[in-house]
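Chemist: Here you go, one structure.
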Amino acid sequence: PAFYLYAALKVICGLLVLTIDLEFKAPAEHIVKDVMKALKNLELVAILGASLALGAAWGFLEGFLFWLLQDLGASRTLMGLTVTVGGAAGLPLLALAGPITAKIGYHAVIAISFIVYAIRLLGYSLLVNPWLCLVFEAMEGVTSSLATTAAITAVASRSTTSTDSSLQGLLGGLYYGVGRGIGSLIGGLLMGAVGTRTTFQMFSGTCAVVGVVYLVLSRFVLNHPGRVDKNKGSEEATKEEGKKQEDMTKETNECKEMNVIANEPDINKDPVL
């Protein structure tokens, strides 16, 4: 029944996606060229790299947390409950993601997500009672919902109308695809070599280091707080609209001048003149 329900919900989601009107997005003329130009931005590259690392941590947890809980004697009910608790904890943070990101900046949110990942992974490695994992699962709202929202906002603020869709797709591929696969692969190799708890602790230390390095990088190298100006989008839209109006006025004036020139009499051909 769980598989049937999952399949039905997927079909419903697919039908809903087909109803979305995407006419507001003008098609890009030079996709590859524009994306390559955008990737020359160091801040954007740092955000994408952080998303790759976050995806690796998520992929490791998704692949091997249940193995750890099974070794601790957890029931299948508890394993299912972990997903429920993590999803429920993420709902309020999704609603508050905008104000939080605007207040402290998306760079700070991404760095905090790494630190929370470090706490979660270390906590899992020290578990004796499997039911205590629910405490750390409640933190998933920060490491998943809030982190991905901040990353999406960060990429959107550093992209243009012609590159936004491509860069968002690249972000999703790095997080859900490449990063997730790397986390599962490295996690499996380490668990076979050093054991489950040690692997969790190694991932925990790595996340803590990456979080600190990313925060320092964003403060002193990128020199950008990562706060989103609420009026930025409207100001850019106003400027763009003003530029369009200016171009249309200029084109109209040029057409009028051409018509005047075309209608002027030729004094060499008109005998009266």
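Backbone N, Cα and C atoms are what each Cβ position is placed from, and that goes for glycine too.
What TrEMBL shows for this protein is this:
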{"type": "TRANSMEM", "residues": "6-24", "note": "transmembrane segment"}
{"type": "DOMAIN", "residues": "43-273", "note": "domain 'Major facilitator superfamily (MFS) profile'"}
{"type": "TRANSMEM", "residues": "44-66", "note": "transmembrane segment"}
{"type": "TRANSMEM", "residues": "78-97", "note": "transmembrane segment"}
{"type": "TRANSMEM", "residues": "104-122", "note": "transmembrane segment"}
{"type": "TRANSMEM", "residues": "142-161", "note": "transmembrane segment"}
{"type": "TRANSMEM", "residues": "173-194", "note": "transmembrane segment"}
{"type": "TRANSMEM", "residues": "200-222", "note": "transmembrane segment"}
{"type": "COMPBIAS", "residues": "228-257", "note": "compositional bias 'Basic and acidic residues'"}
{"type": "REGION", "residues": "228-273", "note": "region 'Disordered'"}
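Structural setting of the listed features?
Modeler: A mean pLDDT of 83 is what the model gives for the domain 'Major facilitator superfamily (MFS) profile' (43-273).
Sequence-distant contacts of the transmembrane segment (44-66), counting only residues of its own chain at least 6 positions beyond either end whose CB sits under 8 Å from a CB of the stretch, comprise 38, 79, 82, 106, 110, 113-114, 117, 120-121, 124, 133, 143-144, 147-148, 151, 154-155, 158-159, 167, 170-171, 174-184, 186-188, 191, 196, 199, 203, 207, 210, 214, 217-218, 222.
Distant neighbours of the transmembrane segment (78-97): 65-66, 69-70, 130-131, 133-134, 137-142, 144-146, 149-150, 153; these residues of the same chain sit at least 6 beyond its ends, with a Cβ under 8 Å from one of its Cβ atoms.
When Cβ-Cβ distances below 8 Å are used as the criterion, the transmembrane segment (142-161) is approached by residues 25-26, 34, 38, 41, 43-44, 47-48, 50-51, 54, 57-58, 86, 90-91, 93-94, 97-98, 100-101, 106-107, 109-110, 112-113, 116-117, 120, 167-168, 171, 175, 226, 228, 232 of the same chain, each at least six residues removed from its ends.
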Chemist: Which sequence positions outside the transmembrane segment (173-194), separated from its termini by at least 6 residues, show Cβ-Cβ distances below 8 Å to it?
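Modeler: Hits for the transmembrane segment (173-194): 48, 51-64, 67, 148, 151, 202-203.
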